[in-house]
Ligand SMILES: NC(=O)C1=CN([C@@H]2O[C@H](COP(=O)(O)OP(=O)(O)OC[C@H]3O[C@@H](n4cnc5c(N)ncnc54)[C@H](OP(=O)(O)O)[C@@H]3O)[C@@H](O)[C@H]2O)C=CC1
Ligand SMILES: C[C@H]1O[C@H](OP(=O)(O)OP(=O)(O)OC[C@H]2O[C@@H](n3cnc4c(=O)[nH]c(N)nc43)[C@H](O)[C@@H]2O)[C@@H](O)[C@@H](O)C1=O
């Protein structure tokens, strides 16, 4: 007899990644009756009492923690208090309430910004806590590091006695359907899709790109990220433990190669069909000079990215054309 289908809570199911995790789980056959979701308006995850009551009532078997205060370089730099406070509260509340409700399996989503600003490239999991962080997103990074350490601490204290198995994945920069296209607060890919699209539509001869164009970034399509998340959640405990260490347990999720922001801008312009020129606005910050993940831990666990940047940008632009007017 096959085991019963787990009841799965996806926190942040209306966000870009949470929605992709839901799509992946449903494509793999998860029935609607086994999926638990709450919108931000229905459950504020920074509210400890509400989160405890929700978990006590729902008692999920698995939790994907994809809810967070998220934004690009400008949002991180402008709202540091929101980024550290909300993310610490969401993680602490969800992980502690999940433990109290008897949840054995939880996946926490961190970020590549947990690594030092000048970490050796590509960045391995062991670069964590070896140097100074990038100042534009240090508060967010500190909260994400706390999330990893929450998972590890619950495993160390309650793994043997309660069967707790909480895991963490560190995504590189993501993009795709459901992204945030805000002109200032978004990440670079959705920001440039919108800016080039508007310049094309209005016949603007020049588009400004923030910074020098020299920083290198790695970009992963969101459905690949969702597939990697479900893959890591479902690894047998013995396999996961064989590839990780109790106090170095997180897993990088990258695409495998990076490109300069100038080259990204040219790729987005080509996707949108913009033929004007590009100017670099060096009054805006560059952030970390390079952030390429070493994803060999995940590769040895049997998962690799599938969607190329060209293909992913075309899919993202299609999403922008269909859905962005509602979100911008
Ligand atoms: N996008 C990226 O490039 C990267 C993302 N990540 C990580 O992946 C995860 C998902 O990010 P992504 O999908 O892009 O982000 P989104 O902003 O698209 O989604 C985040 C979701 O969390 C919800 N949320 C935020 N605060 C609360 C709260 N207090 N209570 C309940 N729900 C809340 C949001 O709801 P609402 O919108 O209603 O507030 C939203 O649905 C995050 O952990 C992020 O840090 C990591 C690396 C890169
Ligand atoms: C995912 C990741 O996201 C953030 O870190 P980031 O890598 O700096 O991400 P970003 O997408 O904002 O910028 C990437 C690069 O692109 C340049 N850039 C050019 N023009 C625009 C532009 O129009 N918008 C934005 N946002 N950036 C632009 C920008 O100057 C930078 O050099 C953190 O929140 C961090 O915490 C985090 O986890």
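Just so it is clear, glycine is given a Cβ too, placed from its N, Cα and C backbone atoms.
Curation does not apply to TrEMBL; its annotations are automatic.
Feature annotation from TrEMBL assigns active site, proton donor/acceptor to 140. Here TrEMBL flags 12-18, 109-112, 144, 171-174, 187 as NADP(+) binding site. Residues or ranges marked as substrate binding site in TrEMBL: 195, 210, 217, 286. The feature domain 'NAD-dependent epimerase/dehydratase' is assigned by TrEMBL to 8-235. Positions annotated as site 'Important for catalytic activity' by TrEMBL: 111, 113.
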Same chain, 6+ residues apart, C-beta under 8 Å of the C-beta of residue 217 (substrate binding site), given in sequence order: 172, 173, 188, 258, 259, 261, 264, 291
Sparsest Cβ surroundings (other CB atoms within 10 Å) among the recorded positions 140, 210: 210
Those binding-site residues in 12, 171, 174, 195, 210, 217 whose CB falls under 6 A of ligand 1, listed in sequence order: 12, 171, 174
For residue 174 (NADP(+) binding site), nearby residues of its own chain (Cβ under 8 Å, 6 or more apart in sequence): 16, 17, 187, 219, 220, 221, 222, 225
Close-lying recorded positions around ligand 2 among 15, 18, 140, 174, 286, where CB distance stays under 6 Å: 140, 286
Cα-to-Cα gap, the residue listed as 'active site, proton donor/acceptor' vs residue 113 (site 'Important for catalytic activity'), nearest whole Å: 8
Residue 18 (NADP(+) binding site), number of other Cβ atoms within 10 Å: 24
